[in-house]
Amino acid sequence: MPEERGTPAGPVHVEGEVVATKRVGAYRHLTLAAPGIPERFRAGSFVAVTVAGHVARRALWVHRVRGSSAFGPTLDVVVQVQGSGTAWLAAQPVGTRIAITGPLGRAFALPKEAVSCLLVGEGYAAAPLFPLAERLRERGCAVSLVVSAPDEAHLLSALEARRSARSVTVLTADGSVGQRGGVPDHVDELLRRSDADVVYAAGPAVVLRSAAAAAERAGAWSQVAVEVPTPCGTGLCHGCPLPVVGEDGVDRVVRACTEGPVVRGDRVRWDHL
Amino acid sequence: MSAARLGSVPGPVMVAAGCGGTGRELLPYADQSGLDGLDLVTRSITLDARSGGPGPRVVEVPGGLVNAVGLPNPGLEHFLATELPWLVRAGARVFVSVAGATMGEYADLARRLSRAPGVAGLEVNVGAPDEAGAGLFEVREPYHAASVIAAVRREFPTDRPVLAKLRPDVSRIVEGARACHEAGATAVVVGNAVPAAFADGRPAGLSGPAISPIALRCVAEVHRALPDVPTIGCGGVHDLASARAFLDAGARGVQVGTALLNDPTTVARLRAVLLPDHLTTPEETP
Ligand code: FES
């Protein structure tokens, strides 16, 4: 993937600080001052943070970056509490210092031309689609965004995205807001309506798989941000196997944190994931 | 055979096998000298490529990680063509960790690596804790471990070190260290992951701070019983105090593994304290 001109390359390991924290539905949004990371960030890359008392690190999707603020460069992450590590993270007050490494992994590739794009995300993992939508809009792409969740509390704010997206569709499994159903139920129709050339997806494997399959049926490209457990996030441990088909057609296992998390949807061996 | 004839002992800080990625991933977290002069043990290399085991491969437990990664590696041929030259260009002192299914494979690996430019030494994994090592030559018996070391030694130049990496098996560690040293190991690395299991019973290895006291006990025992056998401590080293504990117990150096997964700058930080001279540029030298 070509480097953006003027963007410093490679991740950094820094001591960051929680500068804001708020509850949004079922999630906790943290704003972290993290010198060096926002400048290097590209949509789809992620950060790994150290959690007190834990050896493995927690990988977090970045929802938003600001190049400058009263606290210097900051990034917003979305935390869904899933265990004691994420519970610790969600509970940290403003002022907590946290070791952060990032940005990590391969980001979404941006199209060279102003094409039509469908962005499909579910739950907290939809986070990277928001900065992606902004970048695509800057390039003149027509962006259609789909945000999905089991219920309203697990929906990432679709409101913010309205600035960057031409259309926003909300799906909830329980029908509490937006259309009832999940991505697999609606993706073909949404793709047809948006007439997209590229599908970007972020969320659980079932969402990614259905988005990739719909893209293939429609003759569109797809890129998916795959979430597998990443104990280090930095490519050192080989603990994050992602089964893919290589460019050469040969089956292989790559590291989700370095060769991913974003890969072409038609390259993932979903049955082996 | 005297140890002096078998290459000098690296250290005092090394990157442990399996925790340095391909080496490239460490570069963003190195100090200003990059990987120059860094003692790095590669992930274990086998003759043929291995894709590794299924996920989850690494699971967190209190005080450490349980892993069954399955030695993913591109195979010797590809390693020699890509990863090794990159590491050599970056200035790292490369210790290639080798694993084989038969004695012949170990000998083959050692022979071909002895001719590869830039290989500083070998580390022979003679204590894989889990079935990640499935299909590997069974080396848990000190006698077998020593046979592998001897086979590797016969193929590898005597002026370069061969390290024997033993798992911290408290009841057999002295016996294992003695046998490997007598077979020609320059030093023994004491501390591999400790045999353990995932929550579902799948065999794995435990690493991290939790095993530090076990590895330390093994280093101390080897040092007491065999003061002439150089040891390198490996197990839960994550800061200066934990590194010093091994050095105080008689180890010549330490390897850092799991701590790198928590903080990728760990080796750079330890080198800055334990090896401050490597940061001095020629201009600064009085
Ligand atoms: S999480 Fe450690 S290599 Fe990917």
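Cβ atoms here come from the backbone N, Cα and C positions, even for glycine.
Listed in TrEMBL:
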| type | residues | note |
| --- | --- | --- |
| DOMAIN | A:11-110 | domain 'FAD-binding FR-type' |
| BINDING | A:VAL78, A:VAL79, A:GLN80, A:GLY85, A:THR86 | FAD binding site |
| BINDING | A:CYS232, A:CYS237, A:CYS240, A:CYS257 | [2Fe-2S] cluster binding site |
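In the three-state DSSP classification, A:GLY85 (FAD binding site) falls within a helix. Proximity of the binding-site residues (A:THR86, A:CYS232, A:CYS237, A:CYS257) to ligand 1: a Cβ under 6 Å from the molecule is found for A:CYS232, A:CYS237, A:CYS257.
Listed binding-site residues: A:VAL78, A:THR86, A:CYS232, A:CYS237. Those with a CB under 8 Å from a CB in chain B, in sequence order: A:CYS232, A:CYS237. Taking Cα separation as the measure, A:THR86 (FAD binding site) is nearest to A:CYS232 of the binding-site residues A:CYS232, A:CYS237, A:CYS240, A:CYS257. As a summary of secondary structure, the domain 'FAD-binding FR-type' (A:11-110) carries 12 helix, 50 strand, 38 coil according to DSSP.
Mean pLDDT, taken over the domain 'FAD-binding FR-type' (A:11-110), works out to 96 on the 0 to 100 scale. Fewest Cβ neighbours within 10 Å among the binding-site residues A:VAL78, A:CYS232: this applies to A:VAL78. Cβ proximity to the FAD site centre (mean Cβ of A:VAL78, A:VAL79, A:GLN80, A:GLY85, A:THR86, cutoff 8 Å) flags the following additional same-chain residues: A:TYR27, A:ARG28, A:ARG58, A:LEU60, A:VAL81, A:GLN82, A:LEU89, A:ALA90, A:TYR124. Distance between Cα atoms for A:CYS232 ([2Fe-2S] cluster binding site) and A:GLY85 (FAD binding site): 14 Å, as a whole number.
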